[in-house]
């Protein structure tokens, strides 16, 4: 009998030990699972070891907040099933089959996208679930804060605005939506007045605010935020479509750390046919170049997660789609009230949150589609300058790094940024860190793609073809059109020295119009061994835009395994099978840097 009692006591002791140890083992396993792949001894550690250590510290702080709360599957399975059965124009995010009559310019004139097509697609259309498969099984905190969803608009199309609202209502748990606040920035279209009021009266959670004069996007957002009652403020644009289970992943991160700003993955809704698809490269970190253009850069190996559906840190947000704890937003001062209309605000809020004690993440399991307009369909008030906004952000937040912007944009030096005393005082009261800290701890991978000091170019000037004596020219081309040969103009006096025949073979191994100090954002691009050479948006990811200028004067294109060639008869420039003895495949740059070229061609 005593032996049985002894065994029973041993079993109880083991059970108690398990109760003590297992939660810690589980948390350790969870912690290990969330570590970046880069090991302390790997190549990434040599890049920015302190930044990686600080990242680990930030992850641990976020991990344990709310760890003991109950979790829940927030998916609306019934709604997902119904959506899967929908058929019709644009359903499942498929392109609308357009006719020539539907492509007319008038369709785009008022909105910057094809409103005729938008009007023919259901307000409740289904979207493809293009999240990572792991998102389907993710659980989030059972108790989440609610949110006020702020949607500013100015002269927005009827169907595109309503589809935005419908998508939010259809794909958001009702208990998480405190309200949807539509903020009208002084629209003058009749359908956005009483007809909109009458329609939105059908939805108790929707209310409309209106400005008394044209305020611009930034102040309109601020008006909506000041009226918000939810625990969290979520900003959307007025031509978006929220995808499946988009909201809980955002609110979960804020519930675990109230000083986290979270951004959904922004998918592309085509402005022509309204097809729904991911952005090129999908999950990438937000960044900028030193002219303050927004850029996207790959997630470095040091930051990649074992589970690609997990949230990841991003230095800079894309713009108007994000969620933030309401009280934290106002502790940060909201948007700088001195910023005019639009532009630069995403940098201001990004720098501010990182430097002043917060963090920012992109959430792969939250996806929202956005129509990228063909062009901006309205004029902003006279005297408003994007440059002024960027100068203001640089003066308040970028410290000595602002000089790199002024070197590239000398016209910014003497531009008035307005009174920034209050903003600098706010920065001081929040005990914000320096911009150098931001660049070394948060955006440490940015200089690899966009160095503050531009490395020397490999070659520049005119590109003259040996066989024809003609020069590469862009004057007849628009973005996406083929390059052409034209009579060389360099020798006709300094007045003829212009960017139409001036190119730079940059340190990125791409070729861009312009001299080394003033290159444009377009690159030589080729897709196959017989394709024309076109100008395309530079992506700095090599691929179709990678070139090698070889000692035999050929411009070799590694992706297609071919060389740039030309035709004297019709002045075409195209790719062809490499033939070093062919004079039409030999090209002379006006200036070359032999050291840089040797480094390029070393392998």
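Placement of Cβ uses the backbone N, Cα and C atoms for every residue, glycine included.
Between the candidates 132, 154, 370, Swiss-Prot assigns the Mn(2+) site shared with 237, 239 to 370. Residue-level annotations in Swiss-Prot identify, among 170, 593, 593 as N-linked glycosylation site. Residues 373-384 are the range that Swiss-Prot records as region 'Flexible loop', among 277-288, 289-300, 373-384, 385-396. In this structure, residue 135 (disulfide bond) is part of a helix by DSSP. Taking the mean position of the Cβ atoms of 237, 239, 370 as the Mn(2+) site, the remaining residues of that chain whose Cβ falls within 8 Å of it are 164, 236, 238, 240, 269, 320, 321, 369, 371, 372. Counted over every protein chain shown, other Cβ atoms within 10 Å are most numerous around 239 among the binding-site residues 214, 239, 373. In the three-state DSSP classification, residue 538 (disulfide bond) falls within coil. Residue 342 (substrate binding site) sits 13 Å from residue 237 (Mn(2+) binding site), taking the C-alpha atoms as the reference points. The Cβ neighbour count for residue 488 (disulfide bond), using a 10 Å radius over every protein chain in view, is 19.
With a 10 A radius on its CB, residue 135 (disulfide bond) counts 20 other CB atoms from all the protein chains. Within the same chain, the residues at least 6 positions away from residue 185 (substrate binding site) whose Cβ sits under 8 Å from its Cβ are 152, 153, 154, 211, 214, 215, 216, 217, 220, listed in sequence order. Residue counts for the domain 'Ricin B-type lectin' (458-590) under DSSP, split into helix (H, G, I), strand (E, B) and coil, are 15 helix, 48 strand, 70 coil.
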